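K.L.:
Okay, so Swiss-Prot annotates it like this:
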type	residues	note
BINDING	Gln35, Leu36, Arg37, His38, Lys39, Asn67, Ser106, Lys135	4-amino-2-methyl-5-(diphosphooxymethyl)pyrimidine binding site
BINDING	Asp68, Asp87	Mg(2+) binding site
Amino acid sequence: MIPAKPFLCVITDEQCSSPVDLALMALEGGAEMIQLRHKSASGKQLFQWALDIQRLCRIHHAQFIVNDRVDIALAMNADGVHLGQQDLQPGEARKLLGTDKIIGVSTSSLTEALNAERAGADYIGFGHIFQTGSKNKLSAPLGSAAISAVVQRISIPLVAIGGINKMNMMETIAAGASGIAMIAAISRTADPEGATRAITELLKGH
């Protein structure tokens, strides 16, 4: 089940030495969803991290999502999977995971958002909204106005991502985002738990 809006999804940072420790700090700070994302880790390492993070998510009553790897999500019964545009199609992932799992899809345009919904996604990640250093981005930021344009055309939740921080996050919620996804704003701070708590408290006060 997708958390009640507005919610925070913390995505693990590949520059972080321990995704499990980061997940724990984010959960202690009140994050409602954790997404394990690590493109270069081995399947064995990802699976172990996934097991550890899922256990923590269960304790904290949070949702656990695996990025890209439907096989790992299936093997360890994760709450869901998040797919990129070049990954398995949502409909195919649904056949493998079943109807009760969460399937998210990364999008960066209205067309991609509409296609993701038609294909059976439960939510879309939409961005990048603001300038970000978490990934190498060649395209210009979409801006919060793009969120408003998309949410008027889809019926599934939109999770805003890309350059979102404590200073601009409420702009995305006001534009219609159901949730926000963060990487650097949590992982690259001296106190990830405190940073998460400050953000979740702002969201609760919305």
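Cβ coordinates are placed from backbone N, Cα and C, and glycine is handled just like the others.
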K.L.:
Counting only residues 6+ away in sequence within the same chain, which have a CB under 8 Å from the CB of Arg37 (4-amino-2-methyl-5-(diphosphooxymethyl)pyrimidine binding site)?
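P.N.:
Set apart from Arg37 (4-amino-2-methyl-5-(diphosphooxymethyl)pyrimidine binding site) by at least 6 residues yet with Cβ under 8 Å, we have Ile11, Thr12, Glu14, Asn67, Asp68, His82.
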K.L.:
Might you list, by sequence position, any residue in that chain lying six or more from Leu36 (4-amino-2-methyl-5-(diphosphooxymethyl)pyrimidine binding site) with a Cβ less than 8 Å away from its Cβ?
P.N.:
Thr12, Pro19, Ala23, Leu46, Trp49, Ala50, Ile53, Phe64, Ile65, Val66, Asn67
K.L.:
Report the same-chain neighbours of Lys39 (4-amino-2-methyl-5-(diphosphooxymethyl)pyrimidine binding site): residues 6+ apart in sequence with Cβ closer than 8 Å to its Cβ, ordered by sequence.
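P.N.:
Counting only residues 6 or more apart in sequence, the Cβ neighbours of Lys39 (4-amino-2-methyl-5-(diphosphooxymethyl)pyrimidine binding site) under 8 Å are Glu14, Asp68.
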K.L.:
Which one, from the binding-site residues Asp68, Asp87, has the smallest tally of other C-beta atoms lying within 10 Å of its C-beta?
P.N.:
Asp87
K.L.:
Give me the Cα-Cα distance between His38 (4-amino-2-methyl-5-(diphosphooxymethyl)pyrimidine binding site) and Asp87 (Mg(2+) binding site), rounded to a whole Å.
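P.N.:
With distance taken Cα to Cα, Asp87 (Mg(2+) binding site) is 15 Å from His38 (4-amino-2-methyl-5-(diphosphooxymethyl)pyrimidine binding site).
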K.L.:
What are the sequence-distant neighbours of Gln35 (4-amino-2-methyl-5-(diphosphooxymethyl)pyrimidine binding site), meaning same chain, six or more residues apart, C-beta distance under 8 angstroms?
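P.N.:
Within the chain, Gln35 (4-amino-2-methyl-5-(diphosphooxymethyl)pyrimidine binding site) has Cβ neighbours under 8 Å at Cys9, Val10, Ile11, Thr12, Ile65, Val66, Asn67, His82, Ala181.
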K.L.:
Counting only residues 6+ apart in the same chain, whose Cβ is under 8 Å from the Cβ of Ser106 (4-amino-2-methyl-5-(diphosphooxymethyl)pyrimidine binding site)?
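P.N.:
Within the chain, Ser106 (4-amino-2-methyl-5-(diphosphooxymethyl)pyrimidine binding site) has Cβ neighbours under 8 Å at His82, Leu83, Gly84, Gln85, Ile124, Gly125, Ile161.
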K.L.:
Need the DSSP three-state call for Gln35 (4-amino-2-methyl-5-(diphosphooxymethyl)pyrimidine binding site) to compare against my parser.
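P.N.:
Strand, per DSSP.
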K.L.:
Quick check: in three-state DSSP terms, what is Ser106 (4-amino-2-methyl-5-(diphosphooxymethyl)pyrimidine binding site)?
P.N.:
strand
